[in-house]
Amino acid sequence: MSDMEKPWKEGEEARAVLQGHARAQAPQAVDKGPVAGDERMAVTVVLRRQRAGELAAHVERQAAIAPHAREHLKREAFAASHGASLDDFAELRRFADAHGLALDRANVAAGTAVLSGPVDAINRAFGVELRHFDHPDGSYRSYLGEVTVPASIAPMIEAVLGLDTRPVARPHFRMQRRAEGGFEARSQAAAPTAYTPLDVAQAYQFPEGLDGQGQCIAIIELGGGYDEASLAQYFASLGVPAPQVVSVSVDGASNQPTGDPSGPDGEVELDIEVAGALAPGAKFAVYFAPNTDAGFLDAITTAIHDPTLKPSVVSISWGGPEDSWTSAAIAAMNRAFLDAAALGVTVLAAAGDSGSTDGEQDGLYHVDFPAASPYVLACGGTRLVASGGRIAQETVWNDGPDGGATGGGVSRIFPLPAWQEHANVPPSANPGASSGRGVPDLAGNADPATGYEVVIDGEATVIGGTSAVAPLFAALVARINQKLGKAVGYLNPTLYQLPADVFHDITEGNNDIANRAQIYQAGPGWDPCTGLGSPIGVRLLQALLPSASQPQP
């Protein structure tokens, strides 16, 4: 039996530390002792992919071509050409067997595998000590020690996720202050006001006569659920046909409405109702996963590589400050978004609702992830005043210290992409003034005071937040895909090459809500509050049509 075929035994060979997995325990967390050794759990292992450099180069080449002429990779062939190798999966299975773990499932295209077993086996396999922690925000499981594996297999493992169960993301929606009498009372008040998604789409001049037919929009959810009766009630009230909605269970999570409109149900039904109202001809696949680093990644990879539903658009309204993620988790997620770009899947994510700090209290400026990924279309927030079906006024959404504000700023993790080099992205406001990926790319109505009329758990309410902007523009992309007859895919590089009149430039406001210096201001052209501005839908479609004269990056 060769060394490669021989099962590993504890102490048989040196172990190597997997870099990028360190995560400090939360302030105020209290160590409550070890997790019971016979408790069962699962982790997601991310394996290296084949020809990783070739995939990135392919995406870069295709990004320089007009969207209608791009050659996206096919899901059917992706696993063989760019997934993890079958040899690596075989090595992982031997490692699992040797440590008393089961390889429950493998996603060859995504290069991920789920290993499960008792805590004692996980501790031995990865060289950690799993422990329980109590915190004012909730209890969680984490670990002491560095994540290690046998040195011979360390080069093939890029991440081990799921050891820590702390939530990695929060939903980016905010309820409008309630008014008595439902929608009618709100509409009669001077302020605040509310719009239906149809109103907002009209103001942004979404192309008419299109409904997303032939497209599948994936929606990522990390909690809550939707009530079919609520959805039916809502779409009937708008006079639009109810779209087909299916739920997909990931890592044991499922469609589980809580009955609390202000909880995660608010996010789930907001996403479906906004996008569904504007693309009722599309199929909607809602991927439910646990709110952990493993769950979030598995939801993304399941959607992107879904061989049956084949989403062409992915909408994400959950996220967290990029600095709160481990570097291994961010790299794994970003790799999945690269897969999406190669496959022609447009991924959109909310930029956050807590202004230029993204809710952190460390005195620094932060952007939200996954919106910060260069392969994700980051969606910021505005305050929209519409009149006669057109924009009367649009400014940066900022409700001040007692409210919310659009996320935005400069990434401390992702470098400035080539396609933003001429966008005048400022240096980071943090010490060192480093350059980085500018967030957001586009913006749309997000202020709860000018929010969206929706029905959550059977209750009529008004919701804002950048959570609404991701599904709003996901529906726009679905309409454009329908018209083009193919998916536009990775849009970011193209958007920055389009004429300025494709967007409504937003030049008033800032996203500081911490009573500090107003570092990030709106202004002409791209800015770290609203990106390029709000898209003018018909002009964006026209610019992407084959007949358009498109500048090449």
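Note that Cβ sites are derived from N, Cα and C of the backbone, with glycine treated the same way.
Averaged over the domain 'Peptidase S53' (194-547), the predicted model has a pLDDT of 96. What Swiss-Prot records for 194-547 is domain 'Peptidase S53', and it gives sequence analysis as the kind of evidence.
DSSP assigns Glu267 (active site, charge relay system) to a helical segment in the three-state reduction. Every protein chain considered, the tally of other Cβ atoms within 10 Å of the Cβ of Glu267 (active site, charge relay system) stands at 27. Sequence annotations record features per position, and here Swiss-Prot assigns active site, charge relay system to Glu267 (among others).
Cβ neighbours of Asp271 (active site, charge relay system) (same chain, under 8 Å, six or more residues apart in sequence): Ile219, Glu221, Val286, Ser315, Ser317, Ser467, Ala470, Pro471. Feature annotation from Swiss-Prot assigns active site, charge relay system to Asp271 (among others).
Residues annotated as active site, charge relay system in Swiss-Prot, with a curator's inference given as evidence: Ser467 (among others).
Classification of Ile506 (Ca(2+) binding site) by DSSP places it in coil, neither helical nor stranded. Per Swiss-Prot, Ca(2+) binding site is recorded for Asp505, Ile506, Gly523, Gly525, Asp527, and the stated evidence type is experimental evidence.
On its own chain, Asp527 (Ca(2+) binding site) has Gly408, Ile506, Thr507, Tyr520, Gln521 as residues at least 6 apart in sequence with a Cβ closer than 8 Å to its own Cβ. A separation of roughly 28 Å, to the nearest angstrom, links the Cα atoms of Asp505 (Ca(2+) binding site) and Glu267 (active site, charge relay system). Report note: the Ca(2+) site is defined by Asp505, Ile506, Gly523, Gly525, Asp527, and the residues of the same chain whose CB lies within 8 Å of the CB centroid of those residues, excluding them, are Thr507, Ala522, Pro524, Trp526, Cys529, Thr530, Leu532, Gly533.
For the pair Gly525 (Ca(2+) binding site) and Glu267 (active site, charge relay system), the C-alpha distance works out to 31 angstrom.
Sequence-distant contacts of Gly523 (Ca(2+) binding site), defined by Cβ-Cβ distance under 8 angstroms and a gap of at least six in the same chain, are Thr507.
All chains included, 27 other C-beta atoms sit within 10 angstroms of the C-beta of Ile506 (Ca(2+) binding site). Other C-beta atoms found within 10 angstroms of the C-beta of Asp505 (Ca(2+) binding site) number 17, with every protein chain shown included.
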